[in-house]
Amino acid sequence: MKQILFMDTTLRDGEQSPGVNLNEQEKLQIARQLERLGIHVMEAGFAAASEGDFQSVKRIANTIQNATVMSLARAKESDIRRAYEAVKGAVSPRLHVFLATSDIHMKYKLCMSKEDVLDSIYRSVTLGKSLFPTVQFSAEDATRTARDFLAEAVEVAIRAGANVINIPDTVGYTNPEEYYALFKYLQESVPSYEKAIFSCHCHDDLGMAVANSLAAVEGGALQVEGTINGIGERAGNAALEEVAVALHIRKDFYKAEPSMTLKEIKATSTLVSRLTGMVVPKNKAIVGANAFAHESGIHQDGVLKEVTTYEIIEPALVGESQNLFVLGKHSGRHAFTEKMKELGYEFTNDERDAVFEAFKKLADRKKEITEEDLRALMLGEAAFAAQQYNITQLQVHFVSNSTQCATVVLKDEEGNVFEDAATGSGSIEAIYNAIQRILGLECELADYRIQSITQGQDALAHVHVELKEGAHQVSGFGVAQDVLEASARAYVHAAGKLKSFIQLVK
């Protein structure tokens, strides 16, 4: 049975989702979780896009030990050399070079002839191969490219040294029958077909990204590209968790097995959702809150008698926790550390002490600590540690029926303390006005969302905010048992990002 490899582009294509803005620390968190998920290749970013992207890609490349780290690059020497500088320290570095091959892209975007495109493919892949052990070439807009020219372009790339050939459905245009046929056509029409691994990359504009990816596997693709939760440009990408579980459950049909640690799916989905602020729909396959819920009386009766009557996926397969109570206020440092290791977290002694202290504070207020609480705790403490400013004091006073006053004290990385107060029509508005006064910002609150992480009156709150000032928009999140504290943390997280970004642009 053939093994299907997964190339995750959450950190590159996924981050292009409108409103998503991840900092370096957040990208590293996701990269480490993707490593635990067993992703074969992770596209860490587009190193030539900006200095920030370059540094993020470089840090991920120097950190990840058990996956290939790849950078995107245009078919330009400067891009390719910049990508090399970013990922050369990786255990397994890879270049991902792309060039459009469809008539519409060649005519209107590239202003290049077919001969020029073929020459550029050959030169860029050849250069890449002189620097990288593995080169992937993508024929952008492949599904709207003339088949004979696509086959010619692919052959040129393989002869130049490309190890992986990606056939992307860049605008989500194709359907499963067409995509399957395209892979079969290339298998028959590319003389050097056997010298490369073929990959698929599907967008969801017509809602067929997962179906098209599975059709590509039927057609001979050995690598599937996509993102966690299907996030990405426009309508998003193929959701890798859906493709992987479909291959596993229906291996009788696809004759293929996903190369992925399926039990890490839920944790990965949750992390990506909380860091990006993109809420997973309740009815989403595999990772939605209702994925394993049964409300119909007939269905409930059937499941109670025999679970397979209405449930084809065991929740534990994808890491859906059935074990609620894990730790409490009497748990010691050793038990806490071992439990965190079990969940896949490793940290230095200083990091452990900080997180354990946060755990003890939470345990004093919360009767039961669940795995979701622990993951949220790690998420919140990581964001807290990465912030330029941290909240040391927060007070809200009732002034009148329509006005409240908030006093906020912040401390920066150098230990400088800033304090101010402001009023607002509610507690949160007053807090946000005070923070704006301290940081000297005049930004607009573009989005505010609150989500309960666990059940019960003592549940942790996760707040996501998006701030906008002029053309700049950033997001931030905060986790705390108190909604006002979580809201303040989220605002400080985002405001610190916005202030840094504005200073960088200036």
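One-based numbering along the chain as shown.
Quick reminder: no glycine exception, Cβ is built from N, Cα and C everywhere.
Record features (Swiss-Prot):
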type    : residues                      : note
BINDING : ASP13, HIS201, HIS203, ASN237 : Mn(2+) binding site
DOMAIN  : 4-266                         : domain 'Pyruvate carboxyltransferase'
REGION  : 390-506                       : region 'Regulatory domain'
Cβ packing number for ASP13 (Mn(2+) binding site), 10 Å threshold: 23
Report, as a single number, how many Cβ atoms besides its own are within 10 Å of the Cβ of HIS201 (Mn(2+) binding site). 27
On average, residues of the region 'Regulatory domain' (390-506) score a pLDDT of 88
Enter the number of other CB atoms within 10 angstroms of the CB of HIS203 (Mn(2+) binding site). 26
For the region 'Regulatory domain' (390-506), jot down how many residues DSSP puts in helix, in strand and in coil. 36 helix, 53 strand, 28 coil
For a quick check of packing: other C-beta atoms within 10 Å of the C-beta of ASN237 (Mn(2+) binding site), how many? 31
Setting ASP13, HIS201, HIS203, ASN237 aside, what same-chain residues sit with their Cβ within 8 Å of the center of the Cβ atoms that define the Mn(2+) site, listed in sequence order? THR9, PRO168, THR170, CYS202, ASP204, ALA209, GLU225, GLY226, THR227, GLY232, GLU233, GLY236, ALA238
